[in-house]
Each structure stands twice: as structure tokens, then as C-alpha cells.
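This report concerns only the one structure given below.
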Amino acid sequence: MGQAFRKLFDTFFGNTEMRVVMLGLDAAGKTTILYKLHIGEVLSTVPTIGFNVEKVQYKNVMFTVWDVGGQEKLRPLWRHYFNNTDGLIYVVDSLDRERIGRAKEEFQAIISDPFMLNSVILVFANKQDMVCHSISF
């Protein structure tokens, strides 16, 4: 409890650094989001093999954001990025209805990991601004 209070205090009153991991299935838009935050532009990207890491300043907080590839063969490696993580941005392609169940399973596995229990979590429903095909449930 004391550590959580200290982190909150530092966030509001001092300069602080936070380690954030950005995860999600392949093609969810993680790298595009990272570079929009980092340089303010949407870039054309290629699938991430491994990871990208950038520092993003917002007010008095310096975020080190780790964008980790989301291909199925890379997902078992995600857990190696969990230790000392302050926050998780989980990116979901909101148009990819066929894989929404898989995205949910991966998310549940991440948040149940002991290293992630104290991390702040943001679920980012990406691609909502894109033209959507008719969806029936």
C-alpha cells in the first residue's frame, strides 16, 4: 500500500518515470499508436519482430513504452517484459471480430501473471474510426 501511495504522490507532485508495456494481437495497431505518441504522426509500419521501445514525455512523467510484437509465435515471450512494469496498454483491433475471443484470452493471461498484479491497465479499442462492415451477432 505504501508503494502505491508513493507512486501516486510522485505522479502528481514530482518527476517520475514509468515503464509501460504495450501488447495485443498482431496488426492491432500497437506500433502506430507508439509512434503517434512519440512523434505525433501516424507512420506506415511493418509487423514488429521483437520489440520497439521509445520514451514519451507527458507533463511530469517520462514513459518508457515497450511495443512488443503480437504474432502468435512471439506471444509466449511477452511474460519476459512483465517484471518491473508499471502499466499495460492492451491494444485490441475493434474491427477484428474473428479474433476478439483470442484477444480476450491473451489479456486474461497477462493480467493474471503475478508480475502484472500492481500494474495500471488501459485497454485501447483501436480502429474504431475506420469504416466498418455490417456486423451481425
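Note: Cβ is positioned from N, Cα and C throughout, glycine not excepted.
What TrEMBL lists as GTP binding site is GLY24, LEU25, ASP26, ALA27, ALA28, GLY29, LYS30, THR31, GLY70, ASN126, LYS127, GLN128, ASP129. Summarising the annotation, TrEMBL assigns Mg(2+) binding site to THR31, THR48.
Structure coloured by features recorded in TrEMBL.
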residue : record              : DSSP (3 states)
GLY24   : GTP binding site    : coil
LYS30   : GTP binding site    : helix
THR48   : Mg(2+) binding site : coil
GLY70   : GTP binding site    : coil
LYS127  : GTP binding site    : coil
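Residues GLY24, LEU25, ASP26, ALA27, ALA28, GLY29, LYS30, THR31, GLY70, ASN126, LYS127, GLN128, ASP129, recorded as binding GTP, reach a greatest CA to CA spacing of 22 Å.
Of the listed binding-site residues, namely LYS30, LYS127, the sparsest CB environment within 10 A is found at LYS127. Its Cβ placed at the centre, ASP26 (GTP binding site) has 17 other Cβ atoms within 10 Å. For the binding-site residues THR31, THR48, the ranking by surrounding Cβ atoms (within 10 Å, all protein chains) places THR31 first.
All protein chains shown were included, and the count of other CB atoms within 10 Å of the CB of GLY24 (GTP binding site) stands at 24. There are 7 other Cβ atoms within 10 Å of the Cβ belonging to ASP129 (GTP binding site).
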